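Going by Swiss-Prot, these are the annotated features:
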BINDING   LYS46, SER47, ASN130, LYS167, ILE195, GLY224, GLY252, GLY253, GLY274, THR275  FMN binding site
BINDING   LYS46, ASN70, SER71, MET72, GLY73, LEU74, ASN130, ASN196, SER197  substrate binding site
ACT_SITE  SER132  active site, nucleophile
ACT_SITE  CYS133  active site, nucleophile
Amino acid sequence: MSASLAINFLNHTYENPFMNASGVHCMSTKELDELKDSRAGAFITKSSTTSKREGNPEPRYFSVPLGSINSMGLPNEGFDYYLKYALEYQKNGSTSTPLFFSVAGMSVEENLKMLQKIQDSDFNGITELNLSCPNVPGKPQVAYDFELTKEILTKVFEFFKKPLGVKLPPYFDFAHFDIMAGILNQLPLSYVNCINSIGNGLYINVETESVVVKPKNGFGGIGGEYVKPTALANVRAFYTRLNPTIKIIGTGGIKTGQDAFEHLLCGATMLQVGTELYKEGVSIFDRLERELKELMDKKGYTSIEQFRGKLNSL
């Protein structure tokens, strides 16, 4: 019997756990439609701000041997552009590939304003609040401020009654895992997304003796294979600390079916792909699906739930 990649996430069955990471191949309606028509199990919009943003000056993205460095600065077409797409997509009944909606306001007030609009709209999908963008000059990552994170999410859940997840930055200390999990466990949160890129890395071109991206004097978020061990650690740390009702999306370093298997083994339910989607395009979902199935067949697993979260310790 061939392996099934079907998973249940927030009371909906998805054909497979793969989706794009917000920020990659989801800026325009054309790119969103390409995701919709791909083998992805779900897809998510670009993280939106209230108004359209051009983002940081170019060059702001650079492919490097084991991944990428970027300092995009949240370029997007604006909240209303993506909400219109989401509502039309929903109205047309094309929900075989579920759509998530991502917001990343430049301030607490902006996030609350956008989430209130989603709450008041007919959108009935899942919303992701990005509290972890590392590439907006002068704007610290909210989720590294634990008290502010608690304050924001407490305010959000006073009025937001639809499914909501949060995208987190990577944490590197057990005390930080404990503190953040303690905050999130008090809230009616649907999921956490671990992780956003590792902020403020630096990559150097030895030939020119210079940095490779322009913003922030070359400092940028690191993605791809470089970040997989950190991503797996965050997925596992939150899986073992959060209430079982709070699901986990694993993001970071997914290039092969084996990478996907490792994220699932650590406890992720769904998986987002960023750097490798940028490099390969939407056909990556066909390959990842095939490779994950082949690995599961080889191990004798017929469903993801047979091994998800069951990482062995020594």
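Glycine too: its Cβ is placed from the backbone N, Cα and C atoms.
Remember, predicted model here, so these are calculated numbers, not experimental data.
Local packing around the binding-site residues GLY73, GLY252, GLY274 was summarised as the count of other Cβ atoms within 10 Å of each Cβ; on this measure the leading residue is GLY252. Here the Cα atom of LYS46 (FMN binding site) is found 15 Å from that of SER71 (substrate binding site). Within 10 Å of ILE195 (FMN binding site), counting C-alpha to C-alpha distances, fall the following of the recorded positions SER71, GLY73, SER132: SER132. ASN130 (FMN binding site) counts 25 other C-beta atoms within 10 Å of its own C-beta, drawing on all protein chains shown. Considering only the residues assigned to substrate binding, LYS46, ASN70, SER71, MET72, GLY73, LEU74, ASN130, ASN196, SER197, the longest pairwise Cα distance works out to 17 Å.
The shortest Cα-Cα distance from GLY274 (FMN binding site) to any of the recorded positions (SER71, GLY73, SER132, CYS133, SER197) is found for SER197. Of all the recorded positions in the record (ASN130, SER132, CYS133, GLY252), the one with the smallest CA separation from GLY73 (substrate binding site) is CYS133.
Mapped onto three states, the DSSP output places ASN130 (FMN binding site) in strand. The CA atom of CYS133 (active site, nucleophile) is located 8 Å away from the CA atom of SER197 (substrate binding site). SER71 (substrate binding site) and SER132 (active site, nucleophile) are 13 Å apart (CA-CA, integer value). When the Cα atoms are compared, GLY252 (FMN binding site) and SER197 (substrate binding site) turn out to be 7 Å apart. Distance from the CA of ASN130 (FMN binding site) to the CA of SER71 (substrate binding site) is 16 Å.
The two recorded residues, SER197 (substrate binding site) and ASN130 (FMN binding site), show a Cα separation of 12 Å. Here the recorded positions are SER71, SER132, SER197, and the one whose Cβ sees the fewest other Cβ atoms within 10 Å is SER132.
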